[in-house]
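Participant: I am attaching a structure below and will ask some questions about it afterwards.
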């Protein structure tokens, strides 16, 4: 067994030492990684592999994320076509449907994270997508609050796999610098879904006869998700090292590219010491509070959008097509943010989050302050709040790019999405039936949530910046010697042995 003292101080873990024979530490793609060592990789060849990965991975993520956003927000489009009356919803019942989805999401968060580590991730995500499509198509059978509440809980539990799973996929297939644009390429479907969903809602409003119109929302979205789940099972690979759409040589290149992140690719073994590191890491709790603050306003942009726009004084069809500009704001801001963070990858992510969140604060403040008679001003204020998607998506890149150790990465992601669930559970309850159509408490809660998130963005930036500077000072002072080319290789090797970013002192956070 290799001695711990043989490794340079920069990558010496506080946890169990690296061992070339310890199968628990070896990355699942380690054999492919070792085969790629010593093989000269042409830059054009690497670009060709990246293009092949993009063509296979990004479209699957794009379509799946589009559908999961439409599916979970189906009640928003159905709400103006008689959903509440048909399912006998009264008082706060509709608000509770928004919260119950995230109770299911929260319930499944840690079990699904564990299963994604232990099982083939492509097959797991495909089965989950197929399952929630089936659940969605059963929604028209619900005749009361209890039935539709159980339906929403199960839908949330199955959709809990998507966000954390896609964050892990980003870190498995792309370098840290490539991740923001790819992540925004699928996350921007939130904006597309808002526009597309508004158009579908508008079209469903013109259906005459047949089933009640609210049922068509769930039948259309559910059937699309079932088809998508089958496609994922067939086409989404589980690992770069086993991807059938790449040649054996290209698989080695795919693994070698990602190994340079010093995070490894995937390790199926759960590590207790990494779980404890996650609990003690300040980033975990900063991301948790950040996500909670960010998602308290989310229900205003999802489950309650049609109701809010209607409360401004627009007619039923107007509540559908006037959501389209908000979706456009979200779509364009996400792509712009992804472009900025890809071209200036090391120091722009937290700044992008701060700018996006400041715009959201302005929008929420206008919703609180503008008089009810200024319906167009309030509508524009609501559209400004759609910048929140950019801020939240950037926090996902913090997990995919700045957390190493696979157990620690999936648990940090689970902690972030626990905050995501808490915020989304709280948010719908701020829409009090007794306050309609003004919903003053909801708009104040949105403003508070955005302010909390902004504060946490700044704290996270300061923390990661200070850790980077401390490690730089230690290196300059000789406490840790600057990494030589050999030590750089060993730092990558440490990542392939599942060493965390806390243990690897050569690791630097991408801000």
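Each Cβ is built from the backbone N, Cα and C atoms, and glycine gets one as well.
Curation plays no part in TrEMBL annotations; they are all automatic predictions.
Below are the features I grabbed from TrEMBL:
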type	residues	note
TRANSMEM	94-112	transmembrane segment
TRANSMEM	124-141	transmembrane segment
TRANSMEM	153-173	transmembrane segment
TRANSMEM	185-204	transmembrane segment
TRANSMEM	216-236	transmembrane segment
TRANSMEM	321-342	transmembrane segment
TRANSMEM	354-373	transmembrane segment
TRANSMEM	379-399	transmembrane segment
TRANSMEM	411-431	transmembrane segment
TRANSMEM	443-463	transmembrane segment
Participant: Near the transmembrane segment (354-373), which same-chain residues lie under 8 Å Cβ to Cβ, leaving out any that are not at least 6 residues past its ends?
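Facilitator: Cβ under 8 Å, 6 or more out: 294, 297, 333, 337, 380-385, 387-388, 390-391, 394, 438, 440, 443-444, 446-447, 450-451, 453-454, 457-458, 461.
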Participant: Would you kindly list the residues that approach the transmembrane segment (124-141) from elsewhere in its chain, counting only those six or more residues past its ends and only Cβ-Cβ distances under 8 Å?
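Facilitator: Hits for the transmembrane segment (124-141): 64, 67-68, 71, 74, 112, 115-116, 147-148, 151, 154-155, 158-159, 161-162, 165, 211, 214-215, 218-219, 221-234, 236.
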Participant: With pairs closer than 6 in sequence left out, are the transmembrane segment (216-236) and the transmembrane segment (379-399) joined by 3 or more CB pairs under 8 Å?
Facilitator: no
Participant: Where else in the chain does the transmembrane segment (185-204) make close Cβ contacts, counting only residues six or more beyond its ends and a cut-off under 8 Å?
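Facilitator: 58, 61-62, 64-66, 69-70, 73, 76-77, 80-81, 166, 213, 216-217, 220, 301, 305-306, 317, 320-324, 326-335, 338, 386, 389, 393, 396.
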Participant: At a C-beta cut-off of under 8 Å, are there same-chain residues at least 6 beyond the transmembrane segment (94-112) that contact it? List them, or none.
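Facilitator: Apart from its flanks, the transmembrane segment (94-112) reaches 72, 75, 79, 84, 128, 145, 148-149, 152-161, 164-165, 299, 302-304, 411, 414, 417-418, 420-422, 424-429, 431-433.
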